[in-house]
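Chemist: The structure is given below, and queries will be raised subsequently.
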Amino acid sequence: MTYSLQAQKRSGRNADDVRAQGLVPGVVYGPDRESASISVNALELKKIYDEAGESTLIDFILEGEKTVKVLIQDLQFAPVKGNITHVDFRQIQMGVEMEATVELEFVGLSLAVKELSGTLSILKDELDVKCLPENLVTAIQVDISILKTFDDAIYIKDLQLPPGVVSTESSDLLLAKVIAPLSEEAQKAMEEGAVTAIEDIEVEEKGKKEEDGAVVTEGENKKEVKSVQGGSASGGKDVKKDNKKETKK
């Protein structure tokens, strides 16, 4: 499927003002052009991204320029609403080998999951590749039906890559395997360990409170001793004054 996107040049306009008009601010750059500030329709961009992701070539139509091929290189999202707030497009040179990141799509049924009650563990869901632009694919399928036991695993070297597509990552990188369920003994040990950890925390907190209480009591005792000592000194002065008066008489 071919995707196309209209873009307008943007200069000196506040990004928030652009977004308020239902547009997404962004930039387009590449080896054959200078970086340019642009804006695109927010709904059209979201539709293309949801359907094609970041590894599908897009016909990019910028006002006043000829149509070129681009990739969505980077997206920024609003933290709360999740809408796209900024986009980077990378212009692609047709006929020149390029690098891209392609999504891994896990398909099929694992007997280790279905019959042995294991849990599928996916350690990597993207793959860095290089290819000619015309050979770029949106996703690479990973067949998990080869995971029949807990000893089976899928590595990059096990993938059936599309023609003309080569991985740029180590072939020994682990992609997926099935984790065996915990035995009853292991589950019980984990539960007991959790209870013990909670009890240790409670004992530690109790000891800390008692220690803090002891410090406060010690401080109060010091204040009492100081107060008593202060009273004795004051009494001594009074006695001396009385003695002086008696002598004068």
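Cβ coordinates are placed from backbone N, Cα and C, and glycine is handled just like the others.
Annotations for this protein, taken from TrEMBL, read as follows:
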DOMAIN    5-89  domain 'Large ribosomal subunit protein bL25 L25'
DOMAIN    98-181  domain 'Large ribosomal subunit protein bL25 beta'
REGION    206-249  region 'Disordered'
COMPBIAS  237-249  compositional bias 'Basic and acidic residues'
Chemist: Counting by DSSP, what is the helix, strand and coil composition of the domain 'Large ribosomal subunit protein bL25 L25' (5-89)?
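Modeler: Summed by class, the stretch gives 17 helix, 43 strand, 25 coil.
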Chemist: Helix, strand, coil: count each for the residues of the domain 'Large ribosomal subunit protein bL25 beta' (98-181), based on DSSP.
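Modeler: Helix, strand, coil within the domain 'Large ribosomal subunit protein bL25 beta' (98-181): 13 helix, 36 strand, 35 coil.
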